[in-house]
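Peer 1: According to Swiss-Prot, the protein carries these features:
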{"type": "ACT_SITE", "residues": "Glu286", "note": "active site"}
{"type": "LIPID", "residues": "Ser358", "note": "GPI-anchor amidated serine"}
{"type": "REGION", "residues": "330-360", "note": "region 'Disordered'"}
{"type": "SIGNAL", "residues": "1-21", "note": "signal peptide"}
Amino acid sequence: MVRICVFMVFLLFFAPSPVSAGFYTNSSAIPPQLLRNATGNPWNSFLNFTGCHAGKKYDGLYMLKQYFQHFGYITETNLSGNFTDDFDDILKNAVEMYQRNFQLNVTGVLDELTLKHVVIPRCGNPDVVNGTSTMHSGRKTFEVSFAGRGQRFHAVKHYSFFPGEPRWPRNRRDLTYAFDPRNALTEEVKSVFSRAFTRWEEVTPLTFTRVERFSTSDISIGFYSGEHGDGEPFDGPMRTLAHAFSPPTGHFHLDGEENWIVSGEGGDGFISVSEAVDLESVAVHEIGHLLGLGHSSVEGSIMYPTIRTGRRKVDLTTDDVEGVQYLYGANPNFNGSRSPPPSTQQRDTGDSGAPGRSDGSRSVLTNLLQYYFWIIFGLFLYLV
């Protein structure tokens with residue numbers, strides 16, 4: 001019994017802490033105090049570095065170096081925690097690579113346009129992996145010459161992949177996904193992810209089915225705050241919004257401290273509040289990572305790393321479609337246009353054995369009690 005108590009204390013204090021994130025159908029539903037907190041994005045302080053250039057020293061510049069290191073632009077790991085405020089060659093090279101990736105004027109100077117891009121909320125996945133950027137390179141797929149005209153045309157693709165081009169194996173085309181039960185998500189929130197999966201399902205031979213058993217699903221989805229066990233801690237509202245891992249890992253984590261809009265009305269466009277993030281827009285992007293896509297330098301594409309607050313972007317572009325079809329092929333029923341998303345597909349394989357039962361309406365406390373009950377019960381059976 002003592003061993004069980006010790007184990008429970010360990011779980012309570014050291015296990016990743018899921019959070020009950022804030023979900024709102026529209027801006028008027030967001031409490032005013034949360035809107036005020038959301039506007040205090042610490043990244044906005046980077047705007048004070050406008051005009052900074054190599055050879056100078058600026059107070060607080062070390063924080064911008066930490067930003068660039070997090071997203072892969074600075075690879076010198078021995079400098080972690082020891083960055084200076086000097087605008088050195090390391091930072092200049094990082095700025096130049098960032099400007100190339102986002103198709104900005106490459107100067108190595110922290111001009112206004114560059115810094116305005118830097119402070120936009122974004123995906124937590126890096127743009128540069130092991131010192132190599134795939135965002136700006138593109139791939140020339142074909143070239144056509146016209147005799148007598150001296151003209152050449154070529155098509156360039158901007159989609160990218162994780163190193164090694166990982167993908168789900170051919171024998172796993174019906175992928176399952178589940179939500180961390182400790183988040184106690186409602187059906188309204190879960191339906192947002194269903195719509196997001198459908199957008200990728202329509203253009204590939206893959207299918208996505210919601211199940212209840214979180215521990216055995218191909219894709220696991222959860223909302224967390226701060227450090228949550230994967231070495232990629234979240235950093236508060238309006239900075240890194242979410243991250244997802246390459247196949248076949250299947251982990252999809254979202255920042256539980258954001259104000260999430262779940263209305264899901266219409267296609268691309270703007271939502272009515274600038275201090276909130278459209279959940280479906282972020283979900284569609286992160287599912288692209290789950291399938292093996294990296295970031296794209298095409299600003300209108302789903303796989304572009306940033307999304308402006310108040311923006312809704314959910315429609316796959318040609319770049320997104322061609323990238324995922326390179327990995328998996330096309331859906332034989334796809335004709336180049338989207339149809340309205342079908343109703344949510346769900347196959348209940350939960351431990352409860354109750355067909356069709358959903359945990360979406362249960363409280364956070366109920367889910368936590370059930371979660372720890374099964375841990376204690378399992379340990380009891382093991383020890384006796």
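The backbone N, Cα and C atoms fix where each Cβ goes, and this holds for glycine too.
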Peer 1: On the three-state reduction of DSSP, what should I expect for Glu286 (active site)?
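Peer 2: It is helical.
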Peer 1: So what sits near the residue listed as 'active site' in its own chain, CB-to-CB under 8 Å and at least six residues off in sequence?
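Peer 2: Result: Cys123, Ala242, His243, Ala244, Phe252, Leu254.
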